């Protein structure tokens, strides 16, 4: 296999890494994996890290659950999922692998003084994930280079990296993007003719990480059998090795970590048995039982429009390349000015091998009410191969006069894609007000032992355990002492308690909360509910701005609206 040029390799590593550095914070969909990685790095796998620890904090409501560290004695489970398990159980195997790979990087960075706060450790974890993405795309690019030529490979990489969605999310700890590097590697293996390894790997990822991938890998395996690239016995064996093998590894881990938690008040429909195969349990809960629709039902055309947005300027290249290859196949004129055997070979092979699974995945998921673009993100590298092949054919079209026009057309499409990405990145970086809270808190003179309450909104928009930079590190194991920088002073208590009483000024005040992070400050500092015995209970000491939205209109046809997103309120005694 060829070695990629240095500039191409640097682009593959640098672009996803730049997205992580530009937007270092996360959203709620990423919380399970990022918090599980935090727990592994901070506490390790010692049994005591999974046991309940009794800690005591002050609370003026002895019989209430309204305190973060509620009642006189709080039960601290250390690992976050025991208290906040999320919407559905997920496998711990991906975050554990991510944390294990990240640990030596974090330890070396800590010893070298590169990381100053736990937020820096979060960035390192995300950079490790982004590097896995880069490595998988480099593997695929080398495969394309060998099979379809260097021009197609280079343009595939360029097109993939200047798009917004995939590179921006490459370092984000959503399950879809912990799965994506393995899917890309599996696609590359299949193109190399290593079908057994590719099917086994993709089946393993579907089994443990994202079960919707079964809608891709099963049609892919059947298609490989039909086109005689794989025997039926080999396809079945690959599925068994990948599926059963991955479950044998993941099930003991997931059962050990989930069984003591289930059933949980947040997950009443799940039992310890559900922990044996979390992904199947989540699929039944979301799809079979219909709970996914509670997050919204989208129109049947959602995935078609989403693909257009993700591809941006590459969309005409994908469609044009398929049409071009069809015309060449029908006419059979190899001497035509538009003839391109490399295009025919690339589009023909990729469409023949991956066309049926792409259609199956998108088509089947279209029948499900709740839709998200990331559910079909796995088709993007395949479509970008077609786009790269088309761009290459246009760039080197034989007719000299026509070549000028086609090259200008390719450059225009790349420029459009880059412009869309630049704008999308610009507005997206301002969409994490919760992640910025820690820097604002550091500007306030908050005394030792203060309790800071985070309701759901800041936790949904960037606040994570990594951003709780002044949390006590007393419970850290040896691994945590090496992976994380020294304890920040003063030490604060961070509340994520979901008790509804803490959403009211009186409830939070009675629970001895010292600071509240809220997106609804008006109801806390004005109106009759803001007063206790005629005295105001809370005062605003800082606020955090961010993105309010993007709408059509204005001088440049789009207007970006900014505004106050969060307020930091201080208790008035």
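Counting starts with 1 at the first residue shown.
Placed from the backbone N, Cα and C atoms, the Cβ positions cover glycine too.
Through the fold, the signal peptide (1-17) approaches residues 127, 130-131, 133-134, 137-138, 141-143, 145-146, 150, 153-154, 157-158, 161, 167, 170-171 of its own chain, all at least 6 residues removed from its boundaries and within a Cβ separation under 8 Å. Residues or ranges marked as signal peptide by TrEMBL: 1-17.
Among the features that TrEMBL reports, transmembrane segment is placed at 92-111 (among others).
Within its own chain, the transmembrane segment (123-140) is flanked in space by residues 4, 9, 12-13, 16-17, 19-21, 24, 26, 34, 37, 41, 98-99, 101-102, 105-106, 109, 115, 156-157, 160, 170-173, 177-178, 180-182, 184-185, 187-188, 191, 381, which lie at least six positions past its ends and keep a Cβ under 8 Å from the stretch. Per TrEMBL, the feature transmembrane segment maps to 123-140 (among others).
Summarising the annotation, TrEMBL assigns transmembrane segment to 199-225 (among others).
Look at TrEMBL and you will find 232-253 (among others) tagged as transmembrane segment. Distant neighbours of the transmembrane segment (232-253): 91-93, 96, 195-197, 199-208, 217-218, 221-222, 224-225, 276-277; these residues of the same chain sit at least 6 beyond its ends, with a Cβ under 8 Å from one of its Cβ atoms.
The transmembrane segment annotation in TrEMBL covers 310-330 (among others). Residues 159, 163-166, 336, 338-340, 343-344, 347-348, 351, 373, 377, 380, 383-384, 386-391, 393-394, 410, 412-417, 420-421 of the same chain, all 6+ positions outside the transmembrane segment (310-330), place their C-beta atoms under 8 angstroms from a C-beta of that stretch.
According to TrEMBL, the feature transmembrane segment maps to 350-369 (among others).
The transmembrane segment annotation in TrEMBL covers 375-396 (among others).
Per TrEMBL, the feature transmembrane segment maps to 408-427 (among others).
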